[in-house]
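Engineer: Dropping the structure in here first, questions after.
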Ligand code: CP3
């Protein structure tokens, strides 16, 4: 095996690489016919995530088709609560369902010791995928991930998706001992899980904080910045040079403090943020990633090119990774993804 320089890892670590590396959140998923075929072989989504052969295949599907610079582990952020002992189902059309966590007893019953055994299949997916990338796509880097503690807590407390996660925010405000205890346990487990992912072959890791934007600046500091900083510090103790990407979705102006205080190498930027302003708020040592509107990708053509061009113009000369501002939408034509990759590579 020769030495390969992976452009994505350089960009994640704050080097300006141009044209910028590209990968897409939810690049594996229902918009790909080969994913739908693979997915149809397993009835429930949790079993699919825990099947290393199929999960590895799903990870590689978009790489074979489009040759992205990054392959993201095929799994889900809710596999961690499942491994901690919470039941998890994905019902067609309803998204995830878990039993809501609302009491001290339920908190104390979380299996923080020994949960890692339950995610053995995910670690096997990483090993398999890394070996297959080395053989077939040596320039593509493998990205591991977790949900950030606040976002994982949102799903655990609420018991599934929600527009505003009112029960979660109520608990955070009214029962801080319970909520802080939950954030603490998720943080601890996330450190263990990410270290195991890195040991299995993940070359970068990402923390998805999809609901970070629901919080006030004070709560954001406590439930987003502090736990994220703790995870970053713990990982860096063992792996000082591993790229760590944080994605505080819809954080608005709070993203500046996130970039400064968490220690992430690169910050993901959501669709609603103006990259020209973000650029001014974030130190140039922190890479940025984002933020094409998934609906521009869905539309394709001129609309997509114009929006992509504006992003590239705003980020020129700065460490940057091209991505969407949120995940690929299921009705997206795969040809639009191929076109986007060509367009960005043509810069
Ligand atoms: O390419 C990839 O990004 C694959 C890995 C991946 C999935 N989910 C696969 C998945 C990753 C990194 C995630 C992260 C995730 N999961 C987040 C954070 C990012 C975000 O979207 O904000 C969240 C909040 C979840 C929780 C989750 N998982 C929800 C709310 C849903 C249902 C909604 C939906 O889109 O169906 C899922 C299911 C899920 N996770 C699917 C995939 C491909 C769809 C399942 C299917 O029908 O095949």
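Each position is counted from 1, following the chain as shown.
Note that Cβ sites are derived from N, Cα and C of the backbone, with glycine treated the same way.
Here's the feature list from TrEMBL:
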- 21-30: domain 'Uroporphyrinogen decarboxylase (URO-D)' (DOMAIN)
- 26, 27, 28, 29, 30, 76, 155, 210, 326: substrate binding site (BINDING)
- 76: site 'Transition state stabilizer' (SITE)
- 143-159: domain 'Uroporphyrinogen decarboxylase (URO-D)' (DOMAIN)
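Help me see these features in their spatial surroundings.
Structural biologist: Across all of the domain 'Uroporphyrinogen decarboxylase (URO-D)' (21-30), the predicted model scores a mean pLDDT of 98.
Residue 326 (substrate binding site) carries neither a helix nor a strand DSSP state and counts as coil. Of all Cβ atoms in the protein chains displayed, 22 besides its own lie within 10 Å of the Cβ of residue 326 (substrate binding site).
Long-range Cβ proximity for residue 76 (site 'Transition state stabilizer'), meaning a same-chain Cβ under 8 A and a gap of 6 or more residues, is found for 45, 49, 96. Secondary structure from DSSP puts residue 76 (site 'Transition state stabilizer') in coil.
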Engineer: On a count of neighbouring CB atoms within 10 A, which of the binding-site residues 26, 30 is highest?
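Structural biologist: The largest 10 Å Cβ neighbour count belongs to 26.
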Engineer: What three-state class does DSSP give residue 26 (substrate binding site)?
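Structural biologist: In the DSSP reduction, residue 26 (substrate binding site) maps to coil.
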Engineer: How about long-range neighbours of the domain 'Uroporphyrinogen decarboxylase (URO-D)' (143-159): same chain, 6 or more residues beyond its ends, C-beta under 8 Å?
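Structural biologist: Tertiary neighbours of the domain 'Uroporphyrinogen decarboxylase (URO-D)' (143-159) are 23, 70-73, 75, 77-78, 80-81, 86, 96-102, 126, 165, 167-168, 171, 179, 182-183, 186-187, 190, 193-194, 197-198, 200, 202-212, 214-215, 223-224, 227-228, 231, 245-248.
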Engineer: Please report, as numbers and ranges, the same-chain residues at least 6 past the borders of the domain 'Uroporphyrinogen decarboxylase (URO-D)' (21-30) whose CB is under 8 Å from any CB of it.
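Structural biologist: 7-8, 11, 36, 39, 58-59, 61-62, 66, 68-72, 74, 143, 297, 321-324, 326-328, 330, 337, 340-341, 344-345.
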Engineer: Treating G and I as helix alongside H, and B as strand alongside E, what does DSSP give for the domain 'Uroporphyrinogen decarboxylase (URO-D)' (143-159) in helix, strand and coil?
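Structural biologist: Final tally across the stretch: 10 helix, 5 strand, 2 coil.
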Engineer: Could you tell me which of these binding-site residues, 28, 155, has the fewest other Cβ atoms within 10 Å of its Cβ?
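Structural biologist: Selected from the binding-site residues 28, 155 on minimum Cβ neighbours within 10 Å: 28.
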